[in-house]
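Single-structure report; data block below.
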Amino acid sequence: MAGTGVVAVYGEGAMTETKQKSPFSVKVGLAQMLRGGVIMDVVNAEQARIAEEAGACAVMALERVPADIRAQGGVARMSDPEMIKEIKNAVTIPVMAKARIGHFVEAQILEAIGVDYVDESEVLTLADEDNHINKHNFKIPFVCGCRNLGEALRRIREGAAMIRTKGEAGTGNVVEAVRHVRSVNGAIRLLRSMDDDEVFTYAKKIAAPYDLVVQTKELGRLPVVQFAAGGVATPADAALMMQLGCDGVFVGSGVFKSGDPVKRAKAIVQAVTNYRDAAVLAEVSCGLGEAMVGLNLDDKVERFASRSE
């Protein structure tokens, strides 16, 4: 059922399928390889090397981190392919890059230059207000954001191999990321208590594909990896998201907008690895220097997360 976007089922930490793997299942498997890791935003090769040395499982190559996108305004587009290629040449870990929502040509360019994953991102300016990219048309895995279970399953049906919370990138404020992961996981807990008749009604209520709703109920989790993103700025933030049930963490402005990026990058990786060990978390949280300047999410702050559904 690969053509419909049904995902292979989780086994003991690995993909399991009774039939031959579909192209989509392969992409889901590639995304699963990043479980338990930290993905860091970088704007040049030097930052990419710092991230790799700190233990990041992948880097996100972009010209401006979300905090700068917020501060500078204007239209935020796909990064210069030359810059992305320089970052790819500087590290051995996977490299991601962002495309605007609905801008399938930006995604085609990113695939052509050899990025490992594409993030169809609400942090960039929308290219299409009504349609997301048909991600089944691509060979590489896509990452998409969500605020709730309905959004997550719609993105998976379109071909997303990884889901992340939208949060509010560039704010250094984790409250929206927490809200989004609690929304998704709370809905899944509710779903597991439903009978078959109720599942039909619930799928319609959240505007999600029925077969993916059923699969999520059976698994007790999303059928693809779920990372936290948007506002993660400290080791404690990262560990919080892991304890809430995420499979890994994206860190954007929180590292390279801080007082000591090298030390903070290593600390966040350690926090994700040891997210249930309070003694380790206390140790890695010491002496990190000044954290990035955060934003209170009031009416004056643009909500990137609301740009798409």
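Here the Cβ of each residue, glycine as well, is placed from N, Cα and C on the backbone.
For the D-ribose 5-phosphate site that Swiss-Prot gives as Asp41, Gly231, Gly252, Ser253, the extra residue drawn from Gly102, Gly114, Gly159, Gly170 is Gly170. When the record's D-ribose 5-phosphate-binding residues Asp41, Gly170, Gly231, Gly252, Ser253 are compared pairwise by CA position, the greatest distance found is 12 Å. A separation of roughly 12 Å, to the nearest angstrom, links the Cα atoms of Gly252 (D-ribose 5-phosphate binding site) and Lys98 (active site, schiff-base intermediate with D-ribose 5-phosphate).
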